[in-house]
């Protein structure tokens, strides 16, 4: 052994121990996972996050609400039509407008199609089979992100992120929603993970798929990772990877649109034109103030959302750990919030693409709390630094408890619609040719997957709504290629969207909030209740108790109505 080697070994052995897991040599080892045979040992193994996320995503698939009627009418219903040749059509799917891509539906039909053959008439199982598939995609992408963070920044940060991904209300609900914004969330998660693993070509390819197959507007969310991947990786290889992926999906989207709409059109461009280039008026569907997304972000992530916004404040104190890579990954949170807040029309689902990044940013802030009190000129820890270390699990625990409490409140308070419609399969004695009527609760209709074969049609009845409602796909006009005259892009009610003869209704679904004016189903001489479940009355319940499930107090302090499935006793056709 040489003298220099002996000195080097003694120097290494004599080096003072440190709990700084972000020293340059440790960071370099994490950047080469498996390079020396020990890199993977420094991070979390694949099994733990996959198991934890898999269990939670399965729970989401089986119990999640449908949070937006767009999910039903723009995705579940046209998918139902592709599988069973029946379902509701919105004006966006009219051949005249062609705003929605059928490629997104065909991708999910790869699972829903075989499931429909396996389960036959039991369409509810097809519905939940697709949800489980969505939960599996979410599980895989988030597992890769947790492992990437573990290898790059250590187990503690990765465990914090894993805990938030599992229990935050936002991720629980978004992970199994059948929406392009959820698909973009999967792509953002995987693209960010591949960037941290230095798989730059893969990161850009996934980004391209997320934009074209998912949601075109999410291109802003992918920009930071895409730009830095082009800079850091082999430009030619990364560029060509993204280019050919984009070209492939664009061609597939164009072919799918031509096949379904029956004419040369391009839904990706049509959607961008309608919302960005002044071709449409999305504000007709509601406008909100600048604080809308900040309020929704707090509802879905509570104090984790505030911590995520503080990430930029923490970066100067922890730049050796998080700058620039984690800053690049997290930066879309700020870009997306700023861009979406400036749009007049706002919806909660528009934030889905950045939900996992919010968890990463918040976890990084919690992990870095001791750095705010660290004295770089002293090797001793101050009392404040020790307190900050002790506070980390307490803060994380509080956030997770509040998140779980909100999830539980949402599921118990608003879960009645899905459960009520599942009662239909137990009442086939009503007879074939039955007509199910829905009034003001049309926006909570869970899709035709919950309508048994003995019900011949679902009809809307007029309860005062003056916007445009979906119509059934019309096979005589061409099905998906049809351009019905009753559709318009001005959100104006069309002639014939309501059933005028209420006496034709065999079954009725309604929400009875027990207001002074009576509901239709309160007339016991005409209707019998087949099922009734409690439904949280948002207007009369205190904000604290309706937002969070507090044992014993939640049931006592909230006000509930009844979500009812009714059957006509004495048909009274005029």
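The backbone N, Cα and C atoms fix where each Cβ goes, and this holds for glycine too.
Positions annotated as region 'Disordered' by TrEMBL: 1-40.
Sequence annotations record features per position, and here TrEMBL assigns compositional bias 'Low complexity' to 1-15.
Annotation comment: TrEMBL describes 102-120 (among others) as transmembrane segment.
As annotated by TrEMBL, transmembrane segment applies to 126-150 (among others).
Feature annotation from TrEMBL assigns transmembrane segment to 157-180 (among others).
Summarising the annotation, TrEMBL assigns transmembrane segment to 200-231 (among others).
According to TrEMBL, the feature transmembrane segment maps to 238-259 (among others). Within its own chain, the transmembrane segment (238-259) has Cβ neighbours under 8 Å at 98, 101-103, 106, 200-202, 204-205, 207-209, 211-213, 226, 229-230, 265-268, counting only residues six or more beyond its boundaries.
Look at TrEMBL and you will find 301-319 (among others) tagged as transmembrane segment.
As annotated by TrEMBL, transmembrane segment applies to 326-344 (among others).
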Region pair the transmembrane segment (301-319) / the transmembrane segment (200-231), three or more CB pairs under 8 Å: no
For the transmembrane segment (200-231), sequence-distant contacts whose Cβ falls under 8 Å of one of its Cβ atoms, 6 or more beyond its ends: 101, 103-104, 107, 180-181, 183-184, 186-188, 190-192, 194, 237-239, 241-242, 245-246, 249-250, 253, 268, 271-272, 275-276, 324, 328-329, 331-332, 335-336, 339, 353-354
Intrachain residues whose Cβ lies under 8 Å of the transmembrane segment (326-344), provided they are six or more past its termini: 153, 188, 192, 195-196, 220-225, 228, 282-283, 287-288, 290, 292-294, 297, 308-309, 311-312, 315, 350-351, 353-354, 357-358, 360-361, 364
Long-range neighbours of the transmembrane segment (102-120), counting only residues six or more past its ends (CB under 8 A): 75, 78-79, 82-84, 126, 129-130, 133, 178, 180, 183, 213-214, 249, 252-253, 256-257, 259-261, 267, 480
